[in-house]
């Protein structure tokens, strides 16, 4: 009994003396190797043939390697709660889709490898939560688009960004300009055709920029490139020097690249692709004096143009130079014109006024400028009063003006000018419409020898029922054209125009050949086929008639057979009446005729046809009946 109090005193001390138990770790995924005995915890599954991220991952892991598998997507729950993960490798899988917020819990992640996959775009939410990311490797994908906010969460911490070997034609340069801590930027082997000026000006820590094998023809100067090592510097550039690689681009070696040529180096193999005189030459071997530009020269411009108010007008200006000049337009009031609700400026130098107003008239100035200078040209536009309103079936109009190659008669006037009634002589004998039927008409016009350089003819026509013009382009050697698919019983207004090249301006112009009016013949109303309901009723009636006739014939046959058998059913044979062997009788008294014995029943096969044979002798004068 003395031992019991002692045990009761020692019982509270038992838990304190037992060793502490740790939380049960998650089992290691199949085909993976897990290092859980020492920190940091690692889960290594390279080349394990995985089709998805294993669900039984140890959420305490600091390193997760899933490279060289067949993972097709990364879902939101795949990496949830892995707040201590530092390194994640998903290289060389088949990933096409990354769910928005898939990395949201990886706030401690330092390196993310997604190279060698099949990503086509990177949205704003796919990298959300990576606030400590330093290395982002996205090379060897199929990226064609990168959202402007895709790198917002890691913009201040990112040090290494690799976008090489993708299909990028454009980049969010504003977003890249905010990567203030980036040291290495890989943009090589993409489809970049241009880099905006100042794109790298804020990347003060950038040490390596790779733009090899893109489509760059020029590289604009940037303050960043002042840190490029000069040829006079000894080997071993200083730590602050920038390593720039831009070989494999079709560089256009003109005055725009003189700044780069002055930073001569001896360790790169860039070459010139154009102009032809410098094509194929080593970039650093071309002298600075050969990097020249040509000032712009205006080669074509629109002649003086007159249009009625309310109509559109197109002003054209063409210029050549090296580099290709940019064309701008200045209004008569001195304003620089651009795209607006009333005007559109095209890259080829065309200014289109959608709706002209009386105040738009005056001298428009075309300015062509490039790095070597600028050139100007004046184009006069006259805006007249608006034309009087005309109906689609109007028969009076002003004749087309001659000598104005760029003035195309308005559609309503062109379709009505020089119209020809179908029954009267044509007003314009240049165009004739013959052999017109219900849906076709033959258009003929004479040879236009006074107009040199005709490229083609244009036929435009519309019917009296609508204002929609239909156009047909005809080869220059043709003098006739058969119009088909016309509507019957309608009146058509038609005009033929010659399309030629104006030798004075070098622009394409049109000149009316003539117009005509004709009417198609009304279509004969064909005998319409019976309607489907009618055809169906006829078939039903015919089928019913056949059935009724068949029933009647069947009944008639039964009646005939019934009559032949004497009113007895054909299955029962008629019992023949007793037949006497007496052929005749006399008026004399005769003895009683003996009653013959009843005949034997006939065979069943002969019941239907009974044959009675009478064996009689001739009876007449001198003959007496034969007694029994």
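Backbone N, Cα and C atoms are what each Cβ position is placed from, and that goes for glycine too.
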Field: Per Swiss-Prot, the range holding transmembrane segment, considering 540-560, 561-581, 582-602
entry: 540-560
Query: According to Swiss-Prot, which listed range is region 'Disordered': 333-381, 382-430, 431-479?
result: 382-430
Query: Between the glycosylation sites 339, 348, 462, whose Cβ has more other Cβ atoms within 10 Å than any of the rest?
result: 462
- prompt: By a Cβ-Cβ criterion of under 8 Å, what residues six or more beyond either terminus of the repeat 'LRR 5' (157-178) are in contact with it?
  reply: 115, 131-151, 184-193, 195-196, 199-203, 210
- request: Looking only at C-alpha atoms, tell me how far residue 348 (N-linked glycosylation site) is from residue 81 (N-linked glycosylation site), rounded to the nearest Å.
  value: 56
Other CB atoms, at most 10 A from the CB of residue 81 (N-linked glycosylation site): 12
- request: Kindly report the helix/strand/coil residue split of the repeat 'LRR 5' (157-178) according to DSSP, in that order.
  value: 4 helix, 3 strand, 15 coil
